[in-house]
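Here's the structure, in structure tokens; my notes come after.
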Amino acid sequence: MPIGRMLARRLVLVVPLLFVILLGTFMLVRLSGQDPVGLLAGPTATAAEIELVRASLALDQPIWVQFGVYLGKVVQGDLGASWLSNRPVLAEILDRAPATLELMLWGVFIGAGIGIPVGLRAAFRPDRSFDQFSRFFSLLGFSVPTYWLGLIMLFVFFYLLEWAPPGMGRISLFLEPPPRVTGSYLIDGLIAADWELAASAASQLILPVICVAIIAAAPIIKQTRAIALEVLASDYIRYARAQGLPKREIRAMALRNSATPIVTFIGTEITGLVGTTSLIEYVFAWGGLGQYGLSAIIAGDFAAVQGYVLMLALFSVLVFLIVDIYVTLTEPRAA
Amino acid sequence: MTLLRVEDLHTHFIARNLDNEIQVAKALNGVSFSLDAGRILGLVGETGAGKSLTATSIMGLLRPPARIMGGRALFQGQDLLAMPDDDLNALRGRDIALVVQSPKSSLDPLSRIGDQLIRIRRAHRGGSVAEARDKAIAMLGSLGIPDPARRMRAWPHELSGGMAQRVLIALALMNEPQLLIADEPTTGLDVTVQAQILDLLRDLVRRTGIGAMIITHDLGVVAHYCDEMAVMYAGAIVESGPVRQVFRRPTHPYTVNLIGATPERLRLGATRTVGGPPPNLRALPPGCPYQDRCPQAGADCTTIPPDVALGEGHVARCHRVAA
């Protein structure tokens, strides 16, 4: 299938998908039983004042009318305003998204950089000591609670060893954020040639990125190993051996044939890692999107929660789109 | 000239069961045969008799838990079983080529067939890509593939089963091997394509004088295309000889039953006599492995039966055969 047609088909599918996601989050948030009105009106509000607040938020309307109004605004790019901060949700999200992306992409990048070679080596020499070790590590990564890992990292590397800075945001408290280009403090600091700032951003990144990388690497090791083992047991690898192809070429063939499923898996993993990253963000006071979403859920900030979920959905759609483009380009059977 | 001589080949599967007891399945129990250049040997027998295992043992393609326990496989005088791994790997695909069943899944899905042909040629013979490409196009053409230059650019998934099998044969022949082993080369193909592929193999042997071994459970294939045949049962050859002799005078009771069980013979009114379950390779009876299913079994069958020569290279391993 040509890339163009694949993209067109995908875009057509995205519209109903987003509608269902909007409807689902809208209803779930309202069925959650939280009533933000009391919170907003304050503890001293009279019954009349509460009703006034309720009407100003259109919460006295039937739920379908509310959804219709909301949908109409979303289509125009207005995600509403946060009831807590009174700022537009979209602006708040865009402010915070780079922090989360920076943390998550570094984490996945390093997690994949460790996980893929480890998984491949384990598959090429199954049941040897390296394989046993990798399986142990993978199991450990699966079973360690995310927040606990973050706390222990801080305890050991900040408190005990004093190697790392405290987990309080993305740069040292004494520094100003760099002028925004990409949103990543590390990259923007480098662009602005502010070495002190870039170094601070890098040192703040290390611990949370290691946490995300460990959590990300565990399933990547397991999946890479399983995928490579399956490829190695395939008819075409067995036949390549029977043809007396050199070991190097057989390995290269196995790698090429493992690449597509591994990339697909990492794509699905990235979308799932958003949840993991939220907890890491909380522990390290990262100020990213995950932290924003969690606070919004706890506070019953409807517009913020809906905007957050919508962003996650769009992000997943984007990741899967990139994976699909990669598969279409590399896989002759997909054409 | 003897191209391949296999002597007393034993291969066992050694594994632990769930109770952690070591279990040995004696899959090959003293396989011996020889193949001359310019001849086609048909290896027949029921599933699990050890036909494919014989081929993979000879070519050094066994993977654990299978292990060669003894024997020799002399290819042009060299013992393949005693050869270092790298030497054997250099020989595979160059001097001994294998054609397998399931051709579509045996081709690398991410390489165009032309690239696969060029790769196998250059892996063993070196030379330039252009030389290998010319050779590959000529090879595809000689195997009856129309418009070979364009076919070089096809992906494996675009091929039909018969076409894929021809590509596999082309891969096997790219380095002018001395011995071609075809393991059920026509399973899963329809009858006309089967006949085309087998005609191709026979013409090839006649034309180039290489030796070929066809592994099959189809006696019709053996009767039409092979010069010699060997009947396998429970990891041993129970009867062997020139195809004509064996079909005219099948001697081992298993061979008699096998030939009697072909659809053609059944239609002629033969009674179906191959009964009973396949042999349990983990607990073979002492003596003749066929004794449990043999209509003529007697007390002497618990001792190892002799190989009885019946003339013109026809041999049967049975107590009931008088020389």
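Just so it is clear, glycine is given a Cβ too, placed from its N, Cα and C backbone atoms.
Here TrEMBL flags A:97-327 as domain 'ABC transmembrane type-1'.
What TrEMBL records for A:103-124 (among others) is transmembrane segment. Long-range neighbours of the transmembrane segment (A:103-124) within the same chain, counting only residues 6 or more positions beyond its ends whose Cβ lies under 8 Å from a Cβ of the stretch, are 130-131, 134-135, 137, 205, 208-229, 232, 251, 255, 258, 262, 266, 269-270, 273-274, 277, 280-281, 286, 288.
TrEMBL lists A:136-161 (among others) with the feature transmembrane segment.
Long-range contacts of the transmembrane segment (A:201-221) within the same chain, counting only residues at least 6 positions beyond its ends with a Cβ under 8 Å from a Cβ of the stretch, are 102-104, 106-108, 110-112, 114-116, 118-119, 122, 134, 137-142, 144, 146, 149-150, 153-154, 157-158, 164-165, 167, 169-172, 184-186, 189, 262, 265-266, 269, 273, 276-277, 280-281, 283-284, 286. If you look up TrEMBL, you'll see A:201-221 (among others) marked as transmembrane segment.
The transmembrane segment feature in TrEMBL is assigned to A:262-285 (among others). If one looks beyond the transmembrane segment (A:262-285) by at least 6 residues along the same chain, the residues whose Cβ comes under 8 Å of a Cβ in the stretch are 99-100, 103-104, 107-108, 112, 116, 146-147, 150-151, 154, 167-169, 204, 207-208, 211-212, 215-216, 219-220, 223-224, 227, 291, 293-294, 312, 315-316, 319-320, 322-323, 326-327.
Per TrEMBL, the feature transmembrane segment maps to A:305-329 (among others).
Tertiary neighbourhood of the transmembrane segment (A:305-329): same-chain residues 1, 3, 6-7, 10, 14, 17-18, 21-22, 25-26, 29, 70, 74, 79-80, 89-90, 92-93, 97, 260, 263-264, 267-268, 270-271, 274, 289, 292-293, 296-297, 335, selected by CB-CB distance under 8 Å and a gap of 6+ residues from either end.
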